[in-house]
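According to TrEMBL:
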type     : residues : note
ACT_SITE : HIS578   : active site, proton donor
ACT_SITE : HIS621   : active site, proton acceptor
DOMAIN   : 330-344  : domain 'Glucose-methanol-choline oxidoreductase N-terminal'
SIGNAL   : 1-15     : signal peptide
Amino acid sequence: MKFISLLNVLSTASAFPFSQFNQFKRSVITDANQVNDQTFDYVIAGAGIGGLVTANRLTEDENTRVLVIEAGGQGDDVRDRMDIPAEAYLNGLPVAGSPYDWGIYTEAQDELNGRNLHWPRGKIVGGSTAVNALYMTRSIKDEHDAWAELVDDDGWNWDSLLPYFRRYENFSPPASDLKDNLSIEVKDSAHGYDGPYLFHNITILKTGGSSFYRLHKQMLNEVSLWQETFNNLGVESDSDPFSGKNIGGYITPNSIDPDTQLRSYAASAYLYPVQNTRSNLVILSDALVTRINFDTSSSKPVANGLSFTTSGSNNQFQVYASSEVVIAGGALGSPQILLQSGIGPRENLESQDVDVVVDLPGVGEHVQDHISATINYATTAPVAGNLSDEELDHQLQLFKDGNFARSVYSTPNGAIAYVPLDDLMGDDTDSFLDALEANMTDATSSGNEPEQVKSGYRATYKSDLENVYRAGNAVVEILMNNLGSNLGFQLAIQHPLSRGKISLGSQNASENANVDPRYLSHPADIQVLRSGLRYIRRLASTEPLSSVIGSEVSPGEDVMSDEDLNDYIRSSVVSQYHPASSCAMLPRENGGVVDSHLRVYGVDNLRVIDSSTIPLPIAAHHMQITYALCEKGADLIRGYEKASDSPSATESESGGSLSSIIDIKLLILMVMITIMYNGLY
């Protein structure tokens, strides 16, 4: 009887993975009075990846008390829109006026015909991982090795970071038939199988004859043409893109729980599974951090707490940190909090009557973002956008009923490609690179940025030229979108040379900082985008993908010249929503904000742990690298320089394979069964 009970428990546990989390929210509070004037070991601003990963790892020690303060709510009233994968495309949360979006718009962009672009960011427990488009792509070896060289710390090179990628992963490989059909390569050593974060490749679980199932299957077949077409263009993928090289077309995993088919995100992975068992971890939602507090009695300021307000109140609250303050507000929130607290460029702070605590010119500088333009085609293949509202409602109900294989809401997409400069520009590559190198001095010397920031431009441009542009690594990403009414190919520059800034426009913490990405301010960026659009036209005319491609809908086949393509780019490009580097990990003399241990220059007991610290552009969506960065950041706080030294180390991050992990778990199960059988349990 005990044996049967144990099997029932084990099977039940596997049927209710982390994304089924509603029972786990006991310690997420909204009453600021419960924590006001209290002292914790660590206080953290922001409950996105940085805040939740750091808090989770620190509170593995039951004697360490952590408070995380988050401006957004928990999203219970929009659970379907957040959890169901295709809703990210069809009915997403980060829209104008949404309480779950920060409502950030850029300043008018000179090179984009004066347009102001929306920068969606998740204002919710879980941050942008709760609202993003679910793509899981990974930065490459050359990018990480260049990163380590820039900061003179091998702890950030590929070999040192790979264990942290494995640590957070709980990867479910695709079924063998899907793997073969879509040419999905899985290298066991590149993945983790026992971390908290669930994700997998797209899956077709059942067969069926309904028109909805056929639509789903045909959309999948459309995706299956992807890699073969890139191979025919000579851009071949010969390895798992998670293993350090990402050139070519492939099908990327999505951050989706393979059992429930619901979104996997920072809260479902790092917060809710432990929330009912860790009394030393407290999350305060609906509370806006207004500033970092300091002890200035010694020669060097010491961060010792945070001040904050709550929704609908003008009351100021404060909490204290006996060890450290961690800022994890993301690429926009973190520099704004530093600036509001008196850390940043003196000129900007004094213009807003903010007392200068540390004159740190790099705060808010070095901002870079992926921007994208799209070519749309009519298609003979089915696309979700052709479904009526009634059909979409039926599709949504199928998903909710568990008929994932028959519902387009399971998002049978993930078709992505990374393409190097040679393939975009062909014979023009060398002349482009020579001109880029010759003009580098002028490009990094113009403008009114502080000299330290210009020095950082020179260092990062030189690194990109050597390690990406000339090294045959990817400069653009191409995504296929079959969830609209046409077949779209989205092109995004991955290593832009344009750099922007974030600056304080008001002392009022409830007002967003000024965001000026200076898109296309470096002339090389529009040349790369223009070449990329021409490459997409070659892609669309290449078999087998061309078999489902009709006429070009936009920009239209008459848009051919450099001038016309430039006009189209300037009038249509949008952010791909991957801003970074606003608190760059660089030497202070290069406009850096944090050192290689994520400590803010010029002040003690203060770190920034999030994507704002990434020093270089990377050819990937930022979710994976941010998880790995934050796992490492938590180790650095605890004094562990190597992943293998950490108490959070997992079997798979140490190089254990999926089969060996399963073997260990089976061994544990057998021991437990033996104990029970002998009446000892």
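Note: Cβ is positioned from N, Cα and C throughout, glycine not excepted.
Because TrEMBL annotations are produced automatically, they should be read as predictions rather than curated entries.
Sorting the domain 'Glucose-methanol-choline oxidoreductase N-terminal' (330-344) by DSSP state (H, G, I as helix; E, B as strand; all else coil) yields 11 helix, 2 strand, 2 coil. Long-range contacts of the domain 'Glucose-methanol-choline oxidoreductase N-terminal' (330-344) within its own chain (CB-CB distance under 8 A, at least 6 residues past either end) are made by residues 45-46, 48, 50, 102, 104, 119, 121, 127-128, 289-294, 354-361, 363-364, 367, 502-504, 507, 509, 512-513, 515, 579-583, 593, 600, 602-603, 608, 610-612.
The local packing around the residue listed as 'active site, proton acceptor', expressed as other Cβ atoms within 10 Å of its Cβ over all shown chains, amounts to 26.
Cα of the residue listed as 'active site, proton acceptor' to Cα of the residue listed as 'active site, proton donor': a distance of 7 Å. Around HIS578 (active site, proton donor), the C-beta neighbours below 8 angstroms that are at least 6 residues distant in the chain are ASP369, HIS370, HIS621, HIS622. The domain 'Glucose-methanol-choline oxidoreductase N-terminal' (330-344) scores a mean pLDDT of 99 in the predicted structure.
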